[in-house]
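Visitor: Annotations per Swiss-Prot:
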type     : residues                                                         : note
ACT_SITE : H478                                                             : active site, proton acceptor
BINDING  : 56-65, K74, G139, 174-176, D346, 352-355                         : FAD binding site
BINDING  : G211, G212, G213, I214, I215, G216, L217, E218, E234, V268, G305 : NAD(+) binding site
DISULFID : C65-C70                                                          : disulfide bond
TRANSIT  : 1-21                                                             : transit peptide
Amino acid sequence: MLRIRSLLNNKRAFSSTVRTLTINKSHDVVIIGGGPAGYVAAIKAAQLGFNTACVEKRGKLGGTCLNVGCIPSKALLNNSHLFHQMHTEAQKRGIDVNGDIKINVANFQKAKDDAVKQLTGGIELLFKKNKVTYYKGNGSFEDETKIRVTPVDGLEGTVKEDHILDVKNIIVATGSEVTPFPGIEIDEEKIVSSTGALSLKEIPKRLTIIGGGIIGLEMGSVYSRLGSKVTVVEFQPQIGASMDGEVAKATQKFLKKQGLDFKLSTKVISAKRNDDKNVVEIVVEDTKTNKQENLEAEVLLVAVGRRPYIAGLGAEKIGLEVDKRGRLVIDDQFNSKFPHIKVVGDVTFGPMLAHKAEEEGIAAVEMLKTGHGHVNYNNIPSVMYSHPEVAWVGKTEEQLKEAGIDYKIGKFPFAANSRAKTNQDTEGFVKILIDSKTERILGAHIIGPNAGEMIAEAGLALEYGASAEDVARVCHAHPTLSEAFKEANMAAYDKAIHC
């Protein structure tokens, strides 16, 4: 009794004593990580009858994609495009605007944040609906069959005590983090990652971006529309490393017309803040001529990719294998060295894409239930939500040439598409690659309006081994942008009608 009274009189002692307590729970499946791979796996596991739990330390479900990636960036891209259209196209569309059109940065950011909040809350509701136990806390391996969940300081709703979860099956889905650039310190104010770029409090006069991949080009598009002078520095000789070469060149042409400046085959030597001038000073070097150039920008965005995130997981504690790139090593059934510990999403092999992660989450759980699961890694679409949008799936021309595969090309421009004409949005084309002998579709590449939506038809065709004629003989509604996809397939095996 005296011991209890003394603890109550000493909050610090009481707090430290409470933290030593543990609560033991048992589950059939525990997923560490609540991003696209993790939360989808958790819901699917519960639907298949497993007693399921998900551990997430962010405090909000959805991972990088929903909180500081795909979703907030699309809100900024959409709203900045509307702003740009009103500024540059209203008059030609017969819309007279009286007064200035301005960006209210606070409300611009609020619209983004509202979308994120609604979607993260929606996932929590799905957890409740499917009876998934949700632990807000740090999850780490106690041993190969136990997960320790510890409180996260300052996180609302975090577990109050350590939990030890006794688990039959574990799925690791801890995701990825921003890849740092050697010698450049990110402060998320003047030198920012993609996370900081999503939440700038004012529009910079000049924005320099290190990296000409999807993240950099999307953020460059946003701020270029809002008035920033955007410079993209890319080490490779072309932007969009995984794009078809022809499409990459067309994309650069369209973005350059919108005001983005490109320095290709260029490396960054250094970058540092100069607070006296309120700028970041950047030194770059042309890799062909070795000529150096000094750049200045109010904001520098470092967008050189992402890397697997396993900090605090305790992978080394149980001997999980990690490769040179920091990825957890698995077999073709997502198994680590322990068959009951599976790994999915960005933390392991394959493209770091939310939809790929979701597919793996479902497949891994189905393997637990039935011994079978399916992800077709040759049919994972990619989309860049610039304007025009860029989307692709399957093989590029470069890949087909390297593999020695004979192929034919079918192309159709949006300038010849009736819906694109009515929308006054005609930049770009659809490009189809087919096997010369069988005429099966090998790859599809779209640059143009709504490319991200249209690419789904290409994915379906690839998944079921369709030929170009199979697609061309499907009746497509008129007038729609999807008719351009039909016509490109017609052009691949015969001739397009409207071009």
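Heads up, the Cβ atoms here are built off N, Cα and C, so glycines get one too.
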Visitor: Find the shortest Cα-Cα separation between C70 (disulfide bond) and the binding-site residues G59, G211, I215, D346, and name the residue that gives it.
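Guide: Answer for the nearest of the binding-site residues: I215.
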Visitor: Compared by Cα position, which of the binding-site residues G211, I215, L217, E234, G305 is the closest one to D346 (FAD binding site)?
Guide: G305
Visitor: Quick one: of the recorded positions G211, I215, E234, H478, which has its CA closest to the CA of A354 (FAD binding site)?
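Guide: The answer is I215.
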Visitor: Pick the one among the recorded positions C65, C70, I215, L217, A354 whose Cβ has the fewest other Cβ atoms within 10 Å in this structure.
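Guide: Ranked by other Cβ atoms within 10 Å, the recorded positions C65, C70, I215, L217, A354 bottom out at C70.
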Visitor: Using a Cβ cut-off under 8 Å and a sequence separation of 6 or more, which residues in the same chain sit near G62 (FAD binding site)?
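Guide: Correct list: G34, G35, P36, Y39, I71, V116, L119, T120, I123.
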Visitor: Using DSSP and three states only, what is E56 (FAD binding site)?
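Guide: The residue in question, E56 (FAD binding site), is strand (DSSP, three-state).
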Visitor: What is the total of other Cβ atoms whose distance to the Cβ of G305 (NAD(+) binding site) is within 10 Å?
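Guide: For G305 (NAD(+) binding site), the 10 Å Cβ neighbour count is 16.
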Visitor: Enumerate same-chain residues with a sequence separation of six or more from T174 (FAD binding site) and a Cβ-Cβ distance below 8 A; give 'none' if the list is empty.
Guide: I32, G33, P308, Y309, I310, L313, G345, V347
Visitor: Might you list, by sequence position, any residue in that chain lying six or more from the residue listed as 'active site, proton acceptor' with a Cβ less than 8 Å away from its Cβ?
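Guide: Set apart from the residue listed as 'active site, proton acceptor' by at least 6 residues yet with Cβ under 8 Å, we have S418.
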Visitor: Need one number for the NAD(+)-binding residues G211, G212, G213, I214, I215, G216, L217, E218, E234, V268, G305: the maximum pairwise CA distance in Å, whole number please.
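Guide: The NAD(+)-binding residues span at most 20 Å between Cα atoms.
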Visitor: Roughly how many angstrom lie between the C-alpha atoms of I215 (NAD(+) binding site) and C65 (FAD binding site)?
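Guide: Rounded to the nearest whole number, the Cα-Cα distance is 12 Å.
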Visitor: For C65 (FAD binding site) and G305 (NAD(+) binding site), what Cα-Cα distance in Å is obtained after rounding to a whole number?
Guide: 14
Visitor: In terms of DSSP three-state secondary structure, what is the assignment for A354 (FAD binding site)?
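Guide: For A354 (FAD binding site) - judged by DSSP and reduced to three states - the answer is helix.
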Visitor: Determine, to the nearest whole angstrom, how far the Cα atom of G59 (FAD binding site) is from the Cα atom of G305 (NAD(+) binding site).
Guide: 24
Visitor: Quick one: what's DSSP say for C65 (FAD binding site), helix, strand or coil?
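Guide: DSSP assigns C65 (FAD binding site) to helix.
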